[in-house]
């Protein structure tokens, strides 16, 4: 994948030398790469400052037209043989990819119907972006596209995106998660003004990741990279992104401004998604989610409840989550707040952020960190370790299995008079008496609870005999900190 990038007008005979080639040559070094932050990486990917508003006109909204011409003739303008029209599946995924870019930035796309066009006259098409296929056994490129403001030989060659089916048949069968969809999103990125993170194009003795301009040049961070996500410690298990990633969002918003109308309501990402967007939606435990969230408001949720693997779910902007058995495959763009997270069947680690979070562990032995904010934390079944954080936090228990005597939860930082332990659902749904009665010792009656505190270890223990079958508790929570039975419980 790639683009040819013209600094000045050149003859058409030279343009073919600037197109993508299939060979990539690696020349690794021991160079220590600098790290680029979110803004720096975004500006670097957009370093040509080329938009559909003009060269060096950045940060302004744009209206961009596109088309799928019915190509005719033996060549396109770059000397590639047998141009022909996108098929319907390609058109579908091109539209989805365009939507993905406009989702994050102030770009309005309008499709224009275009009829038969000689490939040698592609620059005469009156739309900003044109898509086409090439069947050229002599060509060596997989796909290429031109930036806005690309001129050569007296022609405006801006916004042309060409895809070879001879050297990569997957270009004509794009699906979410495959390389064909990644290729489309990548090439559209070029047509909107994005560069590769380094000054490389396939076929130009590409030096390899270790000679990148900066450490985050990989497909963990940007769809514009040539380098696989594992170069930076991620692992997508053979899947590819189908939408802009973390640094792509930064880059495109630098060029066109942020789309602040995108998803201002209460949105769910993952299982039970209400976004209507394929790359934000999981419906099966085998789905592979790869996305970076841009969201403009509301009370929003990461729902990864349908996955069985151990997961790391991190709601802090700029950080990465390990979701559904993949590593570092989900992130949150800067200036975006996701308030809630739901874990799955594995042993999950969940980090909240500065907002008032609702954090749900689900099944498994989970570790939850509320950080700041006034959080609601529900570990769910399993032996969970719960850190409320600095705010006023509520720890919820709904059933006996949430904290068994043999696998008790541990609340690590309880603050008496500030935090609460909510047993109301547990009492109403489990106790025949519907009442929690604190006692010094169990007497065999249902609904009895004991609460002890060790001043030396600063540890409390809540034990409950829910059913009254004997003198032993069914439910227990270990708590770091003093707990007042009169004020610290919701019953």
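Indices start at 1 and increase along the chain as displayed.
Cβ coordinates come from backbone N, Cα and C, glycine included.
Going through 365, 384, 419 against Swiss-Prot, the one listed in the Ca(2+) 6 site together with 373, 402, 409 turns out to be 384.
For the Zn(2+) site, Swiss-Prot gives 186, 190, 226; the one candidate out of 196, 235 that the record lists there too is 196. Residue 373 (Ca(2+) 6 binding site) carries neither a helix nor a strand DSSP state and counts as coil. Fewest Cβ neighbours within 10 Å among the binding-site residues 402, 409: that distinction goes to 402. Within 10 Å (C-alpha to C-alpha) of residue 389 (Ca(2+) 7 binding site) lie the following binding-site residues from 190, 265, 346, 373, 402, 409: 373. Within 8 Å of the centroid defined by the CB atoms of 298, 300, 337, 339, the record's Ca(2+) 2 site, lie the Cβ atoms of 266, 267, 295, 297, 299, 301, 338, 340, 355, excluding the listed residues themselves. Of the recorded residues, residue 419 (Ca(2+) 7 binding site) and residue 348 (Ca(2+) 3 binding site) place their C-alpha atoms 23 Å from one another. The two recorded residues, residue 346 (Ca(2+) 3 binding site) and residue 295 (Ca(2+) 1 binding site), have Cα atoms 27 Å apart. DSSP gives residue 190 (Zn(2+) binding site) a helix state. Here the candidates are the binding-site residues 298, 391, 409, and by Cα distance the one nearest residue 190 (Zn(2+) binding site) turns out to be 298.
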